[in-house]
Amino acid sequence: MLYPPRMSEVTNTTHDPFYFILTGIPGFEAFHLWISIPFFFLYTISIMGNTTILTIIHTEPSLHQPMYLFLSMLALTDLGLTLTTLPSVMQLLWFNIREISFEACFAQFFFLHGFSFMESSILLAMSFDRYVAICHPLHYASILTNEVIGRIGLTIVCRCVLAVLPSLFLLKRLPFCHSHLLSHSYCLHQDMIHLVCADIRVNSWYGFALVLLIIVLDPLLIILSYALILKSILNTATWTERLRALNNCVSHMLAVLVLYVPMVGLSMTHRFAKHASPLVHVLMANIYLLAPPVMNPIIYSAKNKQIRQGIIRLLLQRKAH
């Protein structure tokens with residue numbers, strides 16, 4: 001359900017076909033400056049946390065291994081997701097700048113959904129890495145070579161770009177002759193499609209196919225990989241070995257939950273809770289976009305010994321300088 005614009009906003013901007021109007025936190029517009037504090041704090045944690053992980057992996061030769069190369073891809077994706085939404089969110093909360101041009105909105109839509117799908121694809125690749133490491137440890141180095149990891153990374157980028165581009169072009173060709181007021185402080189496809197006053201059946205079917213291809217298929221393949229891992233672990237000799245193998249997967253399992261639980265929640269909210277309070281939609285969308293970039297560095301810093309040691313060494317080096 002879209003939050004209705006004030007009459008002054010309709011008069012000034014919604015008749016201009018070159019702009020969308022962003023919405024902050026419905027019902028709390030007077031407190032946007034205070035609300036910006038936790039948002040700024042979360043964005044700062046995301047940027048600093050993911051930059052730190054990238055720096056540690058780059059500077060530590062011992063971390064130039066498949067698992068950490070995939071982790072660096074995840075950190076890059078989280079940075080991209082953060083930097084995609086940061087400008088529009090913070091300028092709205094700080095300066096009440098609500099207009100965003102069509103070109104900027106479609107660019108944000110492309111990068112936002114592209115990085116989101118990329119995160120899902122990287123988590124799938126990381127589950128394959130864990131499967132090979134636990135089920136085929138003797139062949140790990142020969143299977144996941146740097147060349148293979150590079151090809152996997154390139155395939156992920158191509159997959160996500162080719163997945164998002166058609167939905168971008170399908171949406172861009174349609175007329176936006178209704179209100180141009182979006183219900184979020186950034187441009188989501190689920191939000192923009194409701195402002196179209198034309199037949200959107202092709203868009204809906206393509207969106208449904210995309211959901212099946214990525215949001216459904218990726219988690220199913222991850223579950224399959226963990227089923228095979230669990231089968232392999234249960235066949236190991238001792239409980240110590242089983243616990244060690246499971247501990248190697250904990251960080252990845254938490255990252256999977258942090259991405260897919262909010263993603264499924266947002267999708268369900270848009271499809272089945274259309275008449276819920278606008279505040280519910282806004283909160284779900286913000287959790288979906290902020291939880292993975294903020295939580296992933298914390299998860300891997302807390303659960304991974306090599307990353308913790310790298311952070312300590314990095315802090316000591318900076319203190320020494």
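Even glycines carry a Cβ here, placed using N, Cα and C.
A TrEMBL annotation is a machine prediction, not a hand-curated record.
Annotation comment: TrEMBL describes 33-57 (among others) as transmembrane segment.
Here TrEMBL flags 49-300 as domain 'G-protein coupled receptors family 1 profile'.
Residues annotated as transmembrane segment in TrEMBL: 69-94 (among others).
Per TrEMBL, the feature transmembrane segment maps to 106-128 (among others).
As annotated by TrEMBL, transmembrane segment applies to 148-171 (among others).
Marked as transmembrane segment by TrEMBL: 205-229 (among others).
As annotated by TrEMBL, transmembrane segment applies to 250-273 (among others).
Residues of the same chain lying 6 or more positions beyond the ends of the transmembrane segment (279-299) and with a Cβ under 8 Å from any Cβ of it are 1, 23, 25-27, 42-43, 45-46, 49-50, 52-53, 74-75, 78-79, 81-82, 85, 112, 116, 119, 183-186, 188, 251, 254-255, 258-259, 262-263, 265-266, 269-270, 273. The transmembrane segment annotation in TrEMBL covers 279-299 (among others).
For the transmembrane segment (205-229), same-chain residues at least 6 beyond its ends with a Cβ under 8 Å from one of its own Cβ atoms are 117, 120-121, 123-124, 127-128, 130-131, 134-135, 163, 166-167, 170, 189, 193, 245, 249, 253, 256, 260, 263-264, 267.
Per-residue pLDDT, averaged across the domain 'G-protein coupled receptors family 1 profile' (49-300), gives 90.
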